[in-house]
C-alpha cells in the first residue's frame, strides 16, 4: 500500500476520505499524525488553497499528498462564506457557530432565493515539487434551510437541504452522502485520474 499524507486536521474529512481511499490501495495518514502543522491558506480560491496545503504536507513529510479545500457558496450572499467557510464566525469558529451565523445572516432571505452549492477541490501531488498536480472539482447544489435537521455529517450539513433526496445532508447516511456529495464527486474524479495514469 502506498502511504499518502492527507493535508488536513479536520476529523470529518479524514474519516470521509480515508475510508474511500483505502479501497484504492492508498494508506492515508492525516498530517496531524505526522506532526505537520496546517499550511497558511493565503489563496483566493479553493484550488489555490488545496495546492498550498498539499505542497506544504508533501514538503514536510517527503510523501505524496492529497489536500482538500472545500466550502459552501450561497448565491444570495455573493458566494460567501466560500473559502472562509471554516472560519466564517471568526477566529474561534466552530461548526455550530458558523451554522448559526449563516442562519442569522440569511434570516431575511426569501425561501426562493436560498440556493447554495458545496464545492470541493481535491489535489494530489506525487511529490512536493510536482509541476502537474491532479486537480479535481466537485459541486453539489442545495438550499439553505431555516433550521438545522439531522445529526450526521459535519459543518453546514444540518442546514443544507438536498432537493433530490428530500432531506438535509446531515440526514443522509454516509454511503448516500458519498455517492452524491461534492467531495464524493471530486474523489471519483481523482480515483479515475489515478487509475488511468
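Counting starts with 1 at the first residue shown.
Heads up, the Cβ atoms here are built off N, Cα and C, so glycines get one too.
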### Query
Taking 70, 89 as the options, which does Swiss-Prot list with 8, 9, 10, 11, 12, 13, 154, 155, 156, 157, 177, 182, 183 at the substrate site?
70
## Note on the structure
Across the binding-site residues (8, 10, 70), the Cβ with the fewest other Cβ atoms inside 10 Å is that of 10
### Query
Under DSSP, is residue 70 (substrate binding site) helix, strand or coil?
strand
### Query
In angstrom units, rounded to an integer, how far apart are the Cα atoms of residue 157 (substrate binding site) and residue 40 (Mg(2+) binding site)?
25
### Spatial neighbours of residue 12 (substrate binding site) that are distant in sequence (at least 6 apart) but have CB under 8 A
153, 154, 155
### Summary
Closest by Cα to residue 40 (Mg(2+) binding site), out of the binding-site residues 8, 10, 70, 182, is 8
### Query
Across the listed substrate-binding residues, 8, 9, 10, 11, 12, 13, 70, 154, 155, 156, 157, 177, 182, 183, what is the farthest Cα to Cα distance, given in whole Å?
21
